[in-house]
């Protein structure tokens, strides 16, 4: 089925920054997709095109990307008469038309917006749910509902506190269904709010970009202690484990790490990667930490490799791998991590996202699908995670509608699958393992 019309506009994301939305029309109707954007971005990500006009949205407008769709990409696709079910052909055509390594001509935000809309239209054309269409594109006969990783305490670049590490997450792996995982997550979240309020006062329960709390604490183990207390208070010590996103590239200074990077710089307090690794091992020993993302800088390969060889938990590459097949291949070869964080806007098309996921999975890695801190009401990644069978998703706390949009969509998908629904649970690292 051919595309009839492609129209892009500038909308606002959950942080009040402009982003790209695309409407694609076929005989089956209108299909709409919106593109997310990140706060802590890896230097190897595909280029998000911003206008740079300081007099408008502080330089963050996306009118150029919108114009690239309306004037160039859209007309070229309509002229080419490609079918919306041919996701790979459509994406390949756009990437070749752009012609740059990092999509800097049109912007990854322009190409991805069209790619997402095409995927939704393709599902409608086939008369199947989006998650089923994505599973077909990936060659997956099965569907798996993921364990949600709720980011409930925020630090790093996501929060105005002194906490260096960016995210502290709870994963209800002991739940029997996605719906139960949501309930457990929400209950722990409310208990955590009570614990923080009692210890730090009411204003400590304001929420960050992703719906988590950002109490003004400095010590990272204090955040873990708060989680442990809340999990106990909610009554789920046997069902909930902890994940972290350190985003260490944000506090990497001249080969060392600064765990107090929001204070005036003092090289005397910087620590080595090895020392930081010892701190993580301490966390793993004292708390139910099962996953650590970006524990070291995106170019500190040697430290990643030596750390991975000494632990048996999940080590996730985000800034390290940026959903990019070349970086993933490098990380596989160096044995730097064992899980890929999959962000569609880091690579900039549906086809390349699926390829990155399959590359990681074929090397025995886990894959965690992820939102960005600047999100929209778009729910594409909920269907993506089910179709790709990755078994884990992080899309914020159970708070703020742009986060709940994804979680609620996952509950609907589970409901639609009925007794065929499979929840990853404790097998979240490798849900396809029999």
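For all residues, glycine too, the Cβ spot is worked out from N, Cα and C.
According to Swiss-Prot, the protein carries these features:
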MOD_RES   2  N-acetylalanine
MOD_RES   72  phosphothreonine
MOD_RES   83  phosphoserine
MOD_RES   157  phosphoserine
BINDING   158, 167, 293, 318, 370, 371, 372, 373, 394  substrate binding site
MOD_RES   176  phosphoserine
MOD_RES   205  phosphothreonine
ACT_SITE  210  active site, proton donor
MOD_RES   229  phosphothreonine
MOD_RES   236  phosphotyrosine
BINDING   245, 293, 318  Mg(2+) binding site
MOD_RES   263  phosphoserine
ACT_SITE  343  active site, proton acceptor
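Features per Swiss-Prot, on structure.
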residue : record                    : DSSP (3 states)
2       : N-acetylalanine           : strand
72      : phosphothreonine          : helix
83      : phosphoserine             : strand
157     : phosphoserine             : helix
210     : active site, proton donor : coil
229     : phosphothreonine          : helix
236     : phosphotyrosine           : coil
245     : Mg(2+) binding site       : strand
372     : substrate binding site    : coil
394     : substrate binding site    : strand
For residue 372 (substrate binding site), which of the modified residues 72, 83, 157, 176 has the nearest Cα in space?
157
The number of other Cβ atoms within 10 Å of the Cβ of residue 157 (phosphoserine), counted over all protein chains shown, is 17
On a C-alpha basis, identify the one among 205, 293, 370, 394 that is nearest to residue 157 (phosphoserine); the candidates are the recorded positions.
293
Mind giving me a neighbour count for residue 229 (phosphothreonine)? Other Cβ atoms within 10 Å of its Cβ, every protein chain shown.
17
Once the chains shown are all counted, how many other Cβ atoms turn up within 10 Å of the Cβ of residue 318 (Mg(2+) binding site)?
27
Nearest to residue 245 (Mg(2+) binding site) by C-alpha distance, among the recorded positions 236, 263, 293, 370, is 293
Other than 158, 167, 293, 318, 370, 371, 372, 373, 394 themselves, what residues in this chain have Cβ atoms within 8 Å of the centroid of the substrate site's Cβ atoms?
38, 151, 166, 210, 245, 341, 343
With the substrate site defined by the record as 158, 167, 293, 318, 370, 371, 372, 373, 394, how many Å span the farthest pair of C-alpha atoms?
16
Candidate recorded positions 158, 236, 370, pick with smallest Cα gap to residue 210 (active site, proton donor):
158
What other residues of the same chain, not counting 245, 293, 318, have a CB atom within 8 A of the CB centroid of the Mg(2+) site?
166, 167, 244, 246, 247, 292, 294, 316, 317, 319, 341, 370
